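Asks: I have a structure here, written as structure tokens, and I will follow up with some questions on it.
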Amino acid sequence: MNTGRVTFLVVFLVAVSLGPADKEENPMEMQEKTQQGKNYLNFGENLVVPKLEELKAKLVEKESKKSKNSRQKRCIGEGVACDENDPRCWSGLICPKPTLPGIWDKSYYCYKK
């Protein structure tokens, strides 16, 4: 029983005496490791961010081209006001001259043929 207690006390004293020495070294090592981690993150960020910005620019460019050429931008649907000189109604629709007299009916609208 006494040898167990003595062994425990010896191991305990060795652990306590070596503990503070490790604590003095660990903060410096931890600072170095965190600095290395930050350097790796900055390096990765410098590689990824320009590629993401380039990809975003390409997507925005494609989106703007698509919206310019979309049918809704080029054509006008049924019941929508149109210009008599430049009728851009959908296929199957025409832009006839207004038939009813009145203030509200003086503009041209796209109607079915």
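Using N, Cα and C of the backbone, Cβ positions are placed for all residues, glycine too.
Quantities reported herein were computed from a predicted structural model and do not represent experimental measurements.
In case it's useful when we look at the structure, here is the feature table from Swiss-Prot:
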DISULFID  Cys82-Cys95  disulfide bond
DISULFID  Cys89-Cys110  disulfide bond
SIGNAL    1-21  signal peptide
Asks: Cys110 (disulfide bond) has how many other Cβ neighbours within 10 Å of its own Cβ?
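Replies: Step by step: centre on the Cβ of Cys110 (disulfide bond), count other Cβ atoms within 10 Å, giving 21.
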Asks: Give me the Cα-Cα distance between Cys82 (disulfide bond) and Cys110 (disulfide bond), rounded to a whole Å.
Replies: 6
Asks: What is the total of other Cβ atoms whose distance to the Cβ of Cys89 (disulfide bond) is within 10 Å?
Replies: 20
Asks: Please classify the secondary structure at Cys95 (disulfide bond) using three-state DSSP.
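Replies: Coil, per DSSP.
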Asks: If one measures from the C-alpha of Cys89 (disulfide bond) to the C-alpha of Cys95 (disulfide bond), what distance in angstrom results, rounded to a whole number?
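Replies: Spelling it out, the Cα of Cys89 (disulfide bond) and the Cα of Cys95 (disulfide bond) are 7 Å apart.
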